[in-house]
Amino acid sequence: MQKVHIEKTLVGVAAFFCSGRDHTCSICITGEEGKGGHLPAVFLFLRGPFHVEPTNIVSANDDMQRVSDEASAMNKRIHYYSRLTSPSDKALIAPDHVLPAPDEIYVYSPLGTAFKVDSCTDGHGKNSSIVTIFMIWNTMMGTSILSIPWGIKQAGFTSGIILIILMGILTLYCCYRVVKSRKMIPLTDTSNWEFPDVCKYYFGSFGQWSSLLFSMVSLVGAMVVYWVLMSNFLFNTGKFIYNFVHDINVTDIVPGTNGSNKVICPNAATGHPPQNQSVMFSSGNSTGFQLFEEWWSKSQTVPFYLVAVLLPLLNLKSPSFFAKFNVLGSVSVIYLVLLVTVKAAHLGIHLEFNWFTENEFFVPEFRVLFPQLTGVLTLAFFIHNCVITLLQNNKNQENNVRDLSIAYFLVGLTYLYVGVIIFASFPSPPLSKECIEQNFLDNFPSNDIMSFIARIFLLFQMITVYPLLGYLARVQLLRQVFGNAYPSVFHVLALNVAIVGAGVAMARFYPNIGGIIRYSGATCGLAFVFVYPSLIYVISLHRAGQLTWPALIIHIFIILLGLANLIAQFLL
């Protein structure tokens, strides 16, 4: 039972007692503050967990205690119901409409998925280990998988495989430290804490605000990547539909292979991200086709068309409707694995091992550009911000570490499979491995049926996830700054316009998802993956008198790795 000081009443001090074990809460009315006498305690048992907005809770140590009108009115309503009957009579209890609705709880991985988590009590509504493992896998897996083949190309085939394994192990260990961080705080009930709460405990307001900053970096970075990808997928989807409806045969003006399983190299000529360069070979309305190409441009127009669809969705107070579509994330990843398998079966394996030298068609096994892959992998394995919430719903808490390890193993295996198969099956010759795009779907023409279906799946999934990420960014930032997740329409609209503007600008001028992922991944990963878990562990060991030199050196080394990972992104 935890006591939270809420409100000074006319008759004394009201304190709420809540028990998470049996979902009951009570109000204790004591005598006037500062007096020795106490009035008889009045207890009111509630049917559900009592929820108090964080802004309504007043610290007992504050010099000037302030309570919002909402909290004051709530206290009076609850007190009114408590006086209608004796404490032992549970027949008359506060109806549900009197109690405030609990906040919606969402978990997310920046480039994975976001979904709503139902609150539950001990022993009720808990997930089995299989469900927990799948939820972690589903949360982490996402659009980062599209850049893994490009990352392997940048690092080299052999070093790419090694780095995926090592980064998986390292991020798993740091995630393990996050899970255990609450348990190392003595004499404090941390059962409802998240990792930012732990950071605040150890680092004060600096930990609170810095965790907010890096969390916003991961969210906004993910939303920018989503905007670039949605522009890409919408462009290619619209192009496919237009050509199909008007019976137009179009080929891209880029190098590529021949046959039914065509692979193209969009950046061969310019070195810039692929644009809508194509030529029409069949007879038809060439003027209409040229007009379509003018108004349906990947970077000039399509990013702006998305504003009309997504900006209104961002301004909704609750995105719970979109949370129902989180299963699309799993469907998209499974379909991508199927696509990769089918393409590899038709294209075959094209590998040649050149350990340190590069030739016309193949890249070395080890390249100095390998930090670009580590930056991508930092965000690809990122779940540290919500892993505590996910594991709290595990029925068998003693299996948390095992289930987390299995989930990381499956995520790493999925990344390895897609990355290795795409790299190995890329047709070299006639094309160079350097042609592998930051989004490997760009290596397939817009008229490829399987790629068209993949783009449709991913486009719809991102349209449903994007409002959830915007909601989470709004809640974290506006509640921290203004004490309210929806202070006014103007505040929310200003924030959403800024986020959407960043996405449109990137899609217009820097549509490189690999670059955006590695920069944002290395930045937010520095705090949540490398620095905070290691520092908190070292500090907790020091306070307990259990810190050893090997533990100190290992965790300082982890922090330095994270710092080097961030610096390297700006040097390569």
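Just so you know, glycine gets a Cβ as well, placed from its N, Cα and C.
In TrEMBL this protein carries:
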type	residues	note
DOMAIN	128-239	domain 'Amino acid transporter transmembrane'
DOMAIN	303-568	domain 'Amino acid transporter transmembrane'
TRANSMEM	130-150	transmembrane segment
TRANSMEM	156-176	transmembrane segment
TRANSMEM	209-229	transmembrane segment
TRANSMEM	295-315	transmembrane segment
TRANSMEM	327-349	transmembrane segment
TRANSMEM	369-391	transmembrane segment
TRANSMEM	403-424	transmembrane segment
TRANSMEM	452-473	transmembrane segment
TRANSMEM	485-510	transmembrane segment
TRANSMEM	516-539	transmembrane segment
TRANSMEM	551-571	transmembrane segment
Cβ-Cβ under 8 Å with the transmembrane segment (209-229): same-chain residues at least 6 beyond its ends: 108, 110-111, 143, 146, 195-196, 199-200, 203, 303, 306, 379, 382, 385, 439, 458, 462, 465-466, 469-470, 472-473, 476-477, 480, 499-500, 502-504, 506-507, 511-513, 516-517, 519-521, 523-524, 526-528, 532
Intrachain neighbours beyond the transmembrane segment (369-391), with Cβ under 8 angstroms and 6 or more residues off its ends: 105, 107-112, 117, 132, 135-136, 139-140, 144-145, 147-148, 151-152, 154-156, 159-160, 163-164, 167-168, 171-172, 174-175, 178-179, 182, 193-196, 215, 218, 221-222, 397, 400, 403-404, 408, 411-412, 415, 514, 517-522, 524-525, 528-529, 533, 564-565, 568-569, 572
Among 130-150, 452-473, 485-510, 516-539, 551-571, stretch most in contact with the transmembrane segment (403-424) (C-beta, under 8 angstroms): 130-150
Structural state census, the domain 'Amino acid transporter transmembrane' (128-239) (DSSP three-state): 98 helix, 0 strand, 14 coil
Maximum Cβ pairs under 8 Å to the transmembrane segment (452-473) - stretch from the list 327-349, 485-510, 516-539: 327-349
Contact between the transmembrane segment (485-510) and the transmembrane segment (130-150) (at least 3 Cβ pairs under 8 Å, separation 6+): no
Among 130-150, 156-176, 295-315, 327-349, 551-571, stretch most in contact with the transmembrane segment (516-539) (C-beta, under 8 angstroms): 551-571
Proximity verdict for the transmembrane segment (327-349) and the transmembrane segment (156-176), three or more C-beta pairs under 8 Å: no
